[in-house]
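Record features (Swiss-Prot):
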ACT_SITE  His121  active site
ACT_SITE  Cys163  active site
COMPBIAS  1-10  compositional bias 'Polar residues'
COMPBIAS  11-20  compositional bias 'Basic and acidic residues'
MOD_RES   Met1  N-acetylmethionine
MOD_RES   Ser26  phosphoserine
Amino acid sequence: MENTENSVDSKSIKNLEPKIIHGSQSMDSGISLDNSYKMDYPEMGLCIIINNKNFHKSTGMTSRSGTDVDAANLRETFRNLKYEVRNKNDLTREEIVELMRDVSKEDHSKRSSFVCVLLSHGEEGIIFGTNGPVDLKKITNFFRGDRCRSLTGKPKLFIIQACRGTELDCGIETDSGVDDDMACHKIPVEADFLYAYSTAPGYYSWRNSKDGSWFIQSLCAMLKQYADKLEFMHILTRVNRKVATEFESFSFDATFHAKKQIPCIVSMLTKELYFYH
């Protein structure tokens, strides 16, 4: 693999440029009607991509080279999955909150699901607008079951490409839709969310200036290959393996040389999710 510049999505590292070496379905499909989300609504749903590349000078945060590659790759991938993709670039923290609030107030009753992708600098529990931090919980709370009723019981996917701390992973050698008869039942307001983080809590998240981030590269590749074959959690497991085994940082600074990364999936989904129906 060609060596190109690689960075991490953390506000605390400046001018770091290491390199990389590297539903509902008929029973004939094998998908259980009772155990999978209904994905045959008239529309698949919205996919909101917030792509923050340039930050206000007052923040001290560097430009995120390579993020436009991620945004373009995501746009193509989710359009191919029949999502309505809306790209937003360089949003302030206030604009992020306003956008998410407005989207949560839309009528999603004819949509099967919702996807939000956040590409930015970050820390644990935080994503950065171009002028400062936003608590991730503030963003996702707009879509809770008690606040966005038209998405209640539907999968809400948040994909987050950002650092979650300043730790570096050195690696180690190894051998190796609510049914009608259930409509009156209550469900937890936090149910049916999935958070796909690019890295484990506390760690850096690596991004390549030419090819985009390791995580988004891998996610798009696995969705393109398996979205019409596998359940989403199985796809994400393959994403984890791809990031863990196929990528490693290269830097003349020994501190940042030969580092690894593992994505982290937090699922509150209550059914299996298939993108095909």
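Glycine too: its Cβ is placed from the backbone N, Cα and C atoms.
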For His121 (active site), list the number of other Cβ atoms lying within 10 Å of its Cβ atom.
25
Mind giving me a neighbour count for Cys163 (active site)? Other Cβ atoms within 10 Å of its Cβ, every protein chain shown.
27
At the Cα level, what's the spacing in Å between Cys163 (active site) and His121 (active site), rounded?
6
Using DSSP and collapsing to three states, where does His121 (active site) fall: helix, strand or coil?
coil
Where does Cys163 (active site) sit by DSSP, helix, strand or coil?
coil
